[in-house]
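For reference, the structure discussed in these notes is given below.
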Amino acid sequence: MSSIKVKPIKDLWAEFEVPGDKSISHRAAILAGLSNGPCQIDNYLPSEDCICTLNAMSNLGVDYEVLEAMEGFGPTSLIIRGKKMDLSKPEEEVDCGNSGTGMRLLAGLLAAQPFESVLTGDASLCSRPMGRIMKPLAEMGASIEALGEKPGCAPLRITGGKLKEMTYEMPVASAQVKSAILLAGLFTEGKTTVVQPSETRDHTERMLAYFQVRSVRDGNHISVYGGQMPESRDFRIPGDISSAAFWIVAAACLPGAHLLIKNVGLNPTRTALLDVLIRMGAQIKDVVLSEEYGEPYGNIEITGKSLHGTEIKPEEVPNLIDEVPILAVAGALAQGKMSIRNAKELRVKESDRISTVADNLRAMGAEVEEYEDGMEISGGKPLHGQVLDSFGDHRIAMAFAIAGLHAKGETEITNTDCINTSYPGFSKHLEAIKAGKSPK
Ligand code: S3P
């Protein structure tokens with residue numbers, strides 16, 4: 001089991017790109033695989049999560065050819081040959097690894113197929129709630145059985161078939177649930193509408209439109225018309241702002257630091273982290289350079305400052321949910337209080353991120369009050385180095401590696417293999433930052 005050791009840094013001066021966006025990579029593998037021909041996908045994220053989705057599509061009969069790969073990980077550039085919406089029954093259980101996005105999106109897809117399949121994953125994934133997709137997909141006509149030890153948890157046995165269109169009001173703001181229903185809706189004969197309680201990341205809608213599938217957005221009502229086939233097209237995936245977030249915080253709270261993250265996704269449903277950091281006193285400039293593939297991307301430039309705490313607004317939470325661990329670290333390093341409420345969803349991520357963040361911050365000397373739906377951090381006390389567990393959660397591992405760059409003494413994060421689920425090459429990038437260089 002690997003671990004990461006960090007010591008405090010005095011300077012951070014770097015310009016680089018982070019790997020491709022995880023959310024967009026999953027969707028690209030799925031939509032290209034359903035399309036009517038070959039699609040070249042560039043800057044695919046070669047992380048374990050996204051490789052699982054690629055393997056899943058391959059088990060469903062979709063061929064792909066690797067053009068470029070990241071050594072020791074997986075493809076970064078590939079041609080996916082669309083199967084014209086005609087998938088085949090997988091010969092084995094479909095393994096989604098650690099990926100909630102992979103499992104929930106694939107469940108939507110499999111619910112509409114005329115065969116039985118089983119979706120499974122690792123222990124963490126098999127303890128996360130799947131009732132949220134089972135219920136709407138069952139209403140559309142699929143039969144899904146949760147075979148896990150915990151009620152409503154994976155493995156999922158899906159007996160798919162002809163689905164009927166529907167309008168579904170989501171009780172929780174979830175892009176994964178929305179996307180599962182829209183993908184299932186593609187296989188119906190009518191209009192399927194998802195009503196979200198508040199805005200969630202909109203990559204599926206954007207990619208459907210990019211692949212020329214007729215869909216409509218009217219505020220928080222998102223609809224797709226069934227009976228259409230995505231048009232095969234090439235696609236370039238922007239860098240993942242959720243991966244960039246670790247470096248953005250590392251620089252934002254270090255006075256004098258300068259960081260330029262290039263070609264990173266700037267989709268407005270993903271940039272709430274920047275708004276919060278700016279409220280905390282950070283100096284951040286972001287510039288959209290292009291929207292060629294239906295997703296805005298560009299550069300983010302950060303100049304380090306001393307930060308102060310802020311309140312994260314309830315409506316901001318879905319659009320920074322994955323950044324809460326690293327924002328909490330920023331809160332501990334800032335002066336004053338930071339509060340995060342309305343974030344109960346954090347308890348059902350790759351770990352219970354309210355308790356894992358609070359435990360690790362407290363171990364480093366921070367004052368944290370934990371609530372059922374969030375936490376309040378009284379920042380400004382110096383953090384001290386510690387041996388900390390990642391709890392098998394990639395974002396906890398990376399957030400606390402960054403905390404270690406700003407703590408006194410040495411910090412060691414144990415159990416860090418999980419980082420490969422979202423950020424292959426993180427350790428290499430960290431080594432370069434520690435050495436005062438720009439990662440390559
Ligand atoms: C994701 C949506 C988010 C996020 C996850 C990726 C997606 O979850 O936490 O890491 O790609 O759709 P929700 O389904 O809770 O929005």
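Glycine is no exception: its Cβ is also placed from the backbone N, Cα and C atoms.
For the phosphoenolpyruvate site, TrEMBL gives Lys22, Gly100, Arg128, Gln176, Arg353; the one candidate out of Arg233, Arg236, Arg395 that the record lists there too is Arg395.
Ligand 1 lies within reach of none of the binding-site residues Lys22, Arg27, Arg128, Arg353, Arg395, judged by a C-beta closer than 6 angstroms to any of its atoms. Each residue in the domain 'Enolpyruvate transferase' (6-430) has a pLDDT score, and their mean in this model is 98. Following the DSSP three-state reduction, the secondary structure of Gln176 (3-phosphoshikimate binding site) is helix. Put simply, Arg353 (phosphoenolpyruvate binding site) is 19 Å from Ser23 (3-phosphoshikimate binding site) when counted between their Cα atoms. If you draw a 10 Å sphere around the CB of Gly100 (phosphoenolpyruvate binding site), it holds 21 other CB atoms from the protein chains shown. Taking the C-alpha atom of Lys22 (3-phosphoshikimate binding site) as reference, the shortest distance to any of the binding-site residues Gly100, Arg128, Arg353 belongs to Gly100. Less than 8 angstroms from the CB of Arg27 (3-phosphoshikimate binding site) sit Leu105, Ser179, His203, Thr204, Met207, each of them six or more residues away in the same chain.
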